[in-house]
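According to TrEMBL, the protein has these features:
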- His124, Tyr128: heme binding site (BINDING)
- 137-146: compositional bias 'Basic and acidic residues' (COMPBIAS)
- 126-146: region 'Disordered' (REGION)
- 1-8: topological domain 'Cytoplasmic' (TOPO_DOM)
Amino acid sequence: MTPVRKKRLWLILALVLGVGIAAALVLQAFNQNMMFYYSPKDIKAGQAPANHDFRVGGLVVEGTVKRDPNSLDVRFDLTDMTATVTVKYTGILPDLFREGQGIIARGRLLPDGVIEAQEVLAKHDENYMPPEVADSLPHKPGQEAK
């Protein structure tokens with residue numbers, strides 16, 4: 001093998017090795033940042049990971065929202081009409097959060113089966129319009145203005 005071919009071979013091997021390492025690092029980053037969605041039924045069945053963040057969604061069960069008067073701690077139950085899980089959250093809840101409303105929470109499963117949420121998002125239907133916007137729109141004929 002001539003020195004030029006040997007040099008080319010080493011260059012190609014180094015390039016292939018570099019691309020392989022870069023691909024492995026990208027895949028590892030995607031794997032670490034992947035966040036799955038689980039329903040309360042899946043969580044009760046033990047399918048949710050205990051050591052990774054995940055999302056859970058469902059309806060806030062009526063009468064289960066418990067607020068600590070001395071802090072921003074909130075506990076509530078979430079259901080998918082099949083199973084129910086308890087969520088605990090510390091922070092300010094979204095304006096659309098209320099009992100019977102659909103929400104999505106991002107958090108971890110604690111050993112006692114409670115989900116410790118870092119983020120709570122309230123869902124709304126496609127017809128939702130903030131009150132300020134609704135008030136600023138001209139009313140249609142036949143409707144009373146507010």
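Just so you know, glycine gets a Cβ as well, placed from its N, Cα and C.
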### Message
Mean pLDDT across the topological domain 'Cytoplasmic' (1-8), rounded to an integer, is what?
### Response
88
### Summary
So His124 (heme binding site), by the Cβ count within 10 Å over all chains shown, scores 11
